[in-house]
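Enquirer: Once you've had a glance at the structure underneath, I'll fire off some questions.
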Amino acid sequence: MQAQIELRPLTSGEVVGRIINQEREMYRVVFFKNDHEGKALAQLSGKFRYNHSDLNLEYPGVGDWVICELHSHDEHAVIHEVLSRHSCFYRKEPGSGARAQIVAANVDVIFVAVSANQDFNLKRLDRYMSLAWESNASPVIVLTKADLAEDLEGLIAEVEDRHPAVPVHAVSALDPQTLEPLKTHLLPGKTVVLLGSSGVGKSTLGNLLLEKEQIKTQGIREDDDKGKHTTTSRSLYQLPSGALLMDTPGMRELGLLDHREGFENLFDDILELATHCRFKDCQHQTEPGCAVQAGLASGELEAERWESFQNLERELRYFERKTDPEKAREERQKWKKITQGLRVRVKQKSRGEI
């Protein structure tokens, strides 16, 4: 589980470890000392808390490499520093306005799990994919509960059409053979995270990949085909292949925060279409020469995909206004200009000029 990372000189008692479990602000760290692996229960140092009190993203999460100081016969540790991440997946902290919350760090592959049953939702998938692209890890879409799909082939085709550059695999807990394609992504030393909403079967999928039950689950409710997810912490597990698997709690609230790059990657086709609008400041509503509206009319752009684009863009703009004064000023100027334009049009219409 060791990584190639640059370090400052360590003091006596300090080791480099990786966080493999988190329960609120308590961490389980695995470390190597004198060529032996050990595990310690760790907390953040007072200095770390003081220096990062307003920077939630600087707090460690599962998958992070940290410098910690061992105590109590190496059973307890104090975390002093979080080392540089090569990837990071985060979301809006539920009910927090604009605060960020680390979900997973130093991840290579993201299994975005969505249920293939009646709960399937393309807009929810778009939301996860936007965050996945932003993380700097490689996304893989996993359609769980494939045995409950009414038209599995049609569903796969729909997802592949929506996200053409991403591998799509359909799996069923009743057929272990359906897991084989996933194993091509589980390479030794790689870290894979399971992400998805509550009830999509992430814990069941994780246990099948682990080949033993390590992640707690509850059964399926007969009335709606949904599993009741009971994972409340984040944990990192060793797979038989030598890869590392991270499970996360089901997410009922998934705010976008400042995932602008992931958003633009996800909707690059719409952004390209918008470059052909007659006016640079086109709002894609009723303006003449709007390429987006023309695309909607011709069927080149699906109405559902456009609606998903608008919803996620509104969230991004909201976050940017909350956190960036310059963005807030630009937004006010934009709407001032739109309002002035509408007033001119109303006056022109009343005079019979248009």
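Cβ from N, Cα, C; glycine included.
Annotations per TrEMBL:
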BINDING   THR144, LYS145, ALA146, ASP147, GLY196, SER197, SER198, GLY199, VAL200, GLY201, LYS202, SER203, THR204  GTP binding site
BINDING   CYS277, CYS282, HIS284, CYS290  Zn(2+) binding site
DOMAIN    80-254  domain 'CP-type G'
DOMAIN    105-252  domain 'EngC GTPase'
Enquirer: Cα of ALA146 (GTP binding site) to Cα of HIS284 (Zn(2+) binding site): how many Å, rounded?
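Expert: Rounded to a whole number, the Cα-Cα distance is 38 Å.
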Enquirer: Could you measure between CYS290 (Zn(2+) binding site) and GLY196 (GTP binding site) for me? Cα positions, answer in whole angstrom.
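Expert: One finds 36 Å between the Cα atoms of these residues.
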Enquirer: Find the shortest Cα-Cα separation between HIS284 (Zn(2+) binding site) and the binding-site residues THR144, GLY196, SER198, VAL200, THR204, and name the residue that gives it.
Expert: GLY196
Enquirer: Given the recorded Zn(2+) site (CYS277, CYS282, HIS284, CYS290), which additional residues of the same chain have their Cβ within 8 Å of the Cβ centre, ordered by sequence?
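Expert: Other same-chain residues with Cβ inside the cutoff are ALA274, ARG278, PHE279, GLN283, GLN285, GLU287, GLY289, ALA291, VAL292, GLN293.
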Enquirer: If you average per-residue pLDDT over the domain 'EngC GTPase' (105-252), what number do you get?
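Expert: Averaged over the domain 'EngC GTPase' (105-252), the predicted model reaches a pLDDT of 84.
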Enquirer: Radius 10 Å, atoms counted are CB only; among the binding-site residues ALA146, VAL200, CYS277, CYS282, CYS290, which position scores highest?
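Expert: That would be VAL200, with the most Cβ atoms nearby.
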Enquirer: By the count of other Cβ atoms within 10 Å, pick out the sparsest of the binding-site residues THR144, SER198, THR204.
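Expert: Each of the binding-site residues THR144, SER198, THR204 was scored; lowest Cβ tally within 10 Å is SER198.
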Enquirer: So, in DSSP terms, is THR204 (GTP binding site) helix, strand, or coil?
Expert: helix
Enquirer: Could you round the CA separation between CYS282 (Zn(2+) binding site) and THR144 (GTP binding site) to a whole angstrom and send it over?
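Expert: Counting only the Cα atoms, the answer is 40 Å.
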Enquirer: Return the residue, from the listed binding-site residues LYS202, HIS284, with the maximum count of other C-beta atoms within 10 angstroms of its C-beta.
Expert: LYS202
Enquirer: Can you tell me how many other Cβ atoms are located within 10 Å of the Cβ belonging to GLY196 (GTP binding site)?
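Expert: Around the Cβ of GLY196 (GTP binding site), 24 other Cβ atoms lie within 10 Å.
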Enquirer: If we check Cα distances from CYS277 (Zn(2+) binding site), which of the binding-site residues GLY196, SER198, VAL200, THR204 wins as closest?
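Expert: Closest candidate to CYS277 (Zn(2+) binding site), judged by Cα separation, is GLY196.
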Enquirer: Across the domain 'EngC GTPase' (105-252), what are the DSSP residue counts per state (helix, strand, coil)?
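Expert: Tallied per class, the domain 'EngC GTPase' (105-252) gives 44 helix, 36 strand, 68 coil.
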Enquirer: Which of the three DSSP states, helix, strand or coil, fits CYS277 (Zn(2+) binding site)?
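Expert: Looking at the DSSP assignment, CYS277 (Zn(2+) binding site) belongs to neither helix nor strand, so coil.
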